[in-house]
Amino acid sequence: MRPRLWLLLAAQLTVLHGNSVLQQTPAYIKVQTNKMVMLSCEAKISLSNMRIYWLRQRQAPSSDSHHEFLALWDSAKGTIHGEEVEQEKIAVFRDASRFILNLTSVKPEDSGIYFCMIVGSPELTFGKGTQLSVVDFLPTTAQPTKKSTLKKRVCRLPRPETQKGPLCSPITLGLLVAGVLVLLVSLGVAIHLCCRRRRARLRFMKQFYK
């Protein structure tokens, strides 16, 4: 049996479970069509001569799940691609203890769960997986509506109109003059009567003392 076919068969028969030895990030990612995606698998053990495999599962994990072998990283050969894989879209490289799966120009059919895996003796060790969702349009977040503030209306009192022209009409002016004349006449009469009374009092006193 060819090694790659054996690998796929082993992945089908092995119970799939997340392991702390291989930590995958992020757990979920949603990207737009034709974008680039980088999935990380960090090994918590020394993998000097061990290969890291990347598999894809297009449906939710189950007993009938099918795993596609995409590529592996080999310390001597670098990236080795699986059969019927677009090699120009998939690359695997190492960055210290992390193994990166790089996907370019992703399409909606690339959506699925991506697992990194190492082959032990005899067990297989899987990461917890990264779910990739490729969509044509990313959802837009609605902007919070701003409350409109009501402006207070300022009531302004009408300005008093300045009177143009003469302040007093001729009739009013005539009445004022007449009133002044009446006061003067009354004052003159009062003074005259007062003087006459004084003279009469003086004459009476002179007659009394004779």
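Don't overthink the numbers, they just go from 1 along the chain as shown.
Note that Cβ sites are derived from N, Cα and C of the backbone, with glycine treated the same way.
If you look up Swiss-Prot, you'll see Cys41-Cys116 marked as disulfide bond. Residues or ranges marked as domain 'Ig-like V-type' by Swiss-Prot: 22-132. Residues annotated as phosphotyrosine in Swiss-Prot, with sequence analysis given as evidence: Tyr209. Annotated signal peptide per Swiss-Prot: 1-21, in sequence order. Residues annotated as topological domain 'Cytoplasmic' in Swiss-Prot, with sequence analysis given as evidence: 192-210. As annotated by Swiss-Prot, transmembrane segment applies to 171-191.
Cys41 (disulfide bond) is surrounded by 26 other CB atoms, counting those within 10 A of its CB over all protein chains shown.
Break the topological domain 'Cytoplasmic' (192-210) down by DSSP state and the numbers are 18 helix, 0 strand, 1 coil. Residue counts for the domain 'Ig-like V-type' (22-132) under DSSP, split into helix (H, G, I), strand (E, B) and coil, are 3 helix, 60 strand, 48 coil.
The local packing around Cys116 (disulfide bond), expressed as other Cβ atoms within 10 Å of its Cβ over all shown chains, amounts to 28.
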